[in-house]
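Trainee: This is the structure I want to talk about, given as structure tokens.
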Amino acid sequence: MLLIKNGRVVDPKSGLDTQADVLVDGKKVVKIAENIDAGDAQVIDATGLVVAPGLVDIHVHFREPGQTHKEDIHTGALAAAAGGFTTVVMMANTNPTISDKETLKEVLTSAAKENIHIKSVATITKNFDGENITDFKGLLEAGAVGFSDDGIPLTNAGIVKKAMELAKENNTFISLHEEDPDLNGVLGFNENIAKKEFHICGATGVAEYSMIARDVMVAYDTQAHVHIQHLSKAESVKVVEFAQKLGAQVTAEVAPQHFSKTEDLLLSKGANAKMNPPLRLESDRQAVIEGLKSGVISVIATDHAPHHADEKNVADVTKAPSGMTGLETSLSLGLTYLVEAGHLSLTELLKLMTSNPSDLYGFDAGYLAENGPADLVIFADKEKRQVTADFKSKAANSPFVGEELTGSVKYTICDGEIVYQV
């Protein structure tokens with residue numbers, strides 16, 4: 001047994017926010033109360049710390065199979081635990097892509113060896129070809145939790161419609177990366193800074209919000225659920241809000257980098273601040289924060305995208321791959337740029353990182369209650385820390401290295417076992 005003493009116990013799902021002890025027995029939380037006496041249980045003193053549900057990230061890239069020089073499922077799991085995450089959903093843009101039952105089973109077999117809960121989507125189209133839809137029914141039966149061609153937008157609207165209809169038939173949903181290549185220039189650079197500082201045509205706002213507009217209206221027509229991944233533009237928030245008010249079943253996520261920073265970070269951090277979609281303008285940053293506050297955006301997801309240092313450190317920054325490692329800074333970015341900045345309460349932040357993403361997929365996760373799963377994070381919500389490149393991830397491609405952030409994970413507990421502690 002494990003007894004967590006004297007913490008601030010916060011459960012966004014029930015609204016619980018109180019000083020209490022938490023008793024864990026096996027894989028379950030068995031009691032939440034004051035002054036629990038559990039005899040010979042292992043004790044964690046959580047005085048001055050927050051005790052919350054283990055975090056849930058529905059958008060990570062663990063690069064296995066085929067790109068394990070960047071990350072693998074084991075190091076990805078270590079990074080997740082260090083960031084306070086007990087449940088993650090891997091994307092399918094591996095090599096080969098997770099487009100068939102055999103590859104999916106291989107990935108899930110590897111994932112099952114780890115000490116956190118690792119799920120996976122499968123691709124919408126075979127090998128990301130954008131034309132031939134995968135076997136949704138068979139892949140779901142084999143363990144896929146959903147479908148996404150994340151990394152590559154689906155340009156064929158007819159395929160999007162068919163995929164939505166198929167997803168609806170199978171009681172699931174598709175998640176979409178929205179950047180129309182026909183309207184975009186060089187990816188990873190917002191159009192403003194691309195023109196001004198790099199003298200290139202960059203990633204445009206219209207490439208994002210026009211594609212979102214198309215897909216949310218297809219969702220409205222099909223009455224299927226569509227999830228919009230890592231939106232970054234003010235107009236995108238408005239389009240999603242419009243569709244939701246119209247009655248379309250549309251959900252959306254934002255990555256921490258997009259509510260924390262703007263395009264200027266490219267000038268100081270170079271390729272480590274290059275990502276798809278790119279960091280945008282301050283007006284966009286404020287708009288996605290407003291979207292989180294209003295509920296239009298219901299999920300914070302990292303888009304954890306590790307790359308090898310040699311790939312990022314190329315002479316021509318436009319040739320560097322896009323993406324940043326994100327699992328180990330996500331909670332701190334939320335605490336720093338949303339809670340400390342006065343935009344959200346701690347409970348509101350945690351809801352976006354626990355129960356909301358979990359409920360999207362119907363996981364038994366993201367809540368802290370008696371008889372519930374013993375998946376917890378214990379953290380100091382006001383402690384300052386300097387981000388270093390000493391990550392559990394294989395990669396250190398974070399533009400936040402060197403920055404002082406608020407919040408520090410002290411323990412992560414999954415299935416009743418301590419999987420990370422400082």
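Each Cβ is built from the backbone N, Cα and C atoms, and glycine gets one as well.
The structure displayed is predicted, hence computed values, not measured ones.
Copying in the features that Swiss-Prot gives for the protein in this structure:
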type	residues	note
ACT_SITE	D303	active site
BINDING	H59, H61, D150, D303	Zn(2+) 1 binding site
BINDING	H61, F62, R63, N93, N276, H307	substrate binding site
BINDING	D150, H177, H230	Zn(2+) 2 binding site
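Surface or core, plus neighbours and distances: that's what I need for these features.
Mentor: Less than 8 angstroms from the CB of D303 (active site) sit H59, V60, H61, Q229, H230, A255, M275, G323, G326, each of them six or more residues away in the same chain.
DSSP assigns H61 (Zn(2+) 1 binding site) to coil in the three-state reduction, placing it in neither a helix nor a strand. H61 (Zn(2+) 1 binding site) is surrounded by 25 other CB atoms, counting those within 10 A of its CB over all protein chains shown.
Taken residue by residue with DSSP, H177 (Zn(2+) 2 binding site) is part of neither helix nor strand, so it is coil.
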Trainee: When you measure from the Cβ of H177 (Zn(2+) 2 binding site), how many other Cβ atoms are you left with inside 10 Å?
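Mentor: For H177 (Zn(2+) 2 binding site), the 10 Å Cβ neighbour count is 22.
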Trainee: Can you check what DSSP calls H307 (substrate binding site), collapsed to helix, strand or coil?
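Mentor: Note: H307 (substrate binding site) is coil by DSSP, not helix or strand.
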Trainee: When you measure from the Cβ of N276 (substrate binding site), how many other Cβ atoms are you left with inside 10 Å?
Mentor: 21
Trainee: Fill in the CA-CA distance, H307 (substrate binding site) to H177 (Zn(2+) 2 binding site), as an integer in Å.
Mentor: 19
Trainee: Please list, in sequence order, every residue of the chain apart from H59, H61, D150, D303 whose Cβ lies within 8 Å of the Cβ centroid of the Zn(2+) 1 site.
Mentor: V60, M91, G151, Q229, H230, A301, T302, H304, A305
Trainee: Measuring Cα to Cα, how far is R63 (substrate binding site) from D150 (Zn(2+) 1 binding site) in Å?
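Mentor: The separation of the Cα atoms works out to 13 Å.
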